[in-house]
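Below is one structure, written out as structure tokens; comments come after it.
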Amino acid sequence: MNKFLIIDGLNLVRRIYAAIPNENDMESLKERVTSACTKLLRVHHPSHIAIVWDGDEISWRKQLYPDYKKGRKPMPEPLAQGLRALQEHLATLNIASIYAAAEADDVIATLAVKTAKAQGEAIIVSTDKGFSQLNHPRITQWDHFNQQYLDIAALEQKLGVDRSQFLDLMALAGDSGNKIPGIAGIGPKSAAELLKTFRTLSTLFSSLPNLGAKQAKKLAEGKEMARLSYKLAQLQTDLPLNINLKDFRANSTPHPAPNIEQ
């Protein structure tokens, strides 16, 4: 059975970079990223490995909602300048890169789902809780920095909803980190309570007459924003990747990195 280790490139590298005392010390970054990748290979013993990078194009989410991820700090200039050299170094270690046109998350999600559907195992290396929506027994998420798999039970307890309700929660309460709006006046706690009662968005919106007038009004007025927020939070899992799995075998010969259109 194939075991595909899929690394969220900037999620890993930016956290490692943030821990380096001298922001211009790209040699230390290279050493630490190399060490991290070596450890990932040693811990997981994958048959295949890829590291997926965000691209420079404006994402379809940003086009749909211009405030998406608004206000995020840009990549530090030394890291931006040294990133290509780091990617080339990883290629010499037979860790193949995939370059997304815009956001890496959709490419990672597509890779993971395709692997799982082909009866393989996908391990996503990332701390991004958004991947928890990929609810499949052959898809897991590894937190390299805490050296543990994502604890779904703990996440569900923290969010107050089941994993299967993650997108409905984002639709109602939004996500401040990504500037996904949700419905004005509906916070995470009240959203979780509503989903505990009604289970799904569709059931909730068809049950507005059963709610108090004030809350029903908020939900009715925010219905379209909830739909937008759901779409922004939902990962694409069916991108045309046009890649050959054999090019990503662990310890295989380096090859040109593909660019994925989105």
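Note that the numbers count up from 1, one per residue, in the order the chain is shown.
Heads up, the Cβ atoms here are built off N, Cα and C, so glycines get one too.
Just so you know, the Cβ of Asp105 (Mg(2+) binding site) picks up 22 other Cβ atoms within 10 Å once every protein chain is counted. For Asp105, the entry in Swiss-Prot reads Mg(2+) binding site, with the evidence type sequence analysis.
Per Swiss-Prot, K(+) binding site is recorded for Leu172, Ala173, Pro181, Ile183, Ile186. On its own chain, Ile183 (K(+) binding site) has Ala171, Leu172, Ala173, Gly174, Lys218, Leu219, Glu221, Gly222, Lys223, Met225, Ala226, Ser229 as residues at least 6 apart in sequence with a Cβ closer than 8 Å to its own Cβ. According to its DSSP assignment, Ile183 (K(+) binding site) is coil.
Annotation source Swiss-Prot lists domain '5'-3' exonuclease' at 164-251, citing sequence analysis. For the domain '5'-3' exonuclease' (164-251), the number of residues in each DSSP class (helix H, G, I; strand E, B; coil) is 54 helix, 3 strand, 31 coil.
Among the features that Swiss-Prot reports, region 'Interaction with DNA' is placed at 185-190. Here the region 'Interaction with DNA' (185-190) has long-range neighbours at 159-160, 169, 172-173, 215, 218-219, 222, meaning same-chain residues at least 6 beyond its ends whose C-beta is under 8 angstroms from one of its own.
Non-local neighbourhood of Pro181 (K(+) binding site): Tyr65, Asp67, Gly174, Met225, Leu228, Ser229, each in the same chain, at least six residues away, with C-beta under 8 Å from its C-beta. Geometry remark: Asp105 (Mg(2+) binding site) versus Ile186 (K(+) binding site), CA distance 26 Å. In sequence order, Leu172, Ala173, Leu194, Lys218, Leu219, Gly222 are the residues of the chain that are 6 or more apart from Ile186 (K(+) binding site) and have a CB within less than 8 Å of its CB. When pLDDT is averaged over the region 'Interaction with DNA' (185-190), the result is 96.
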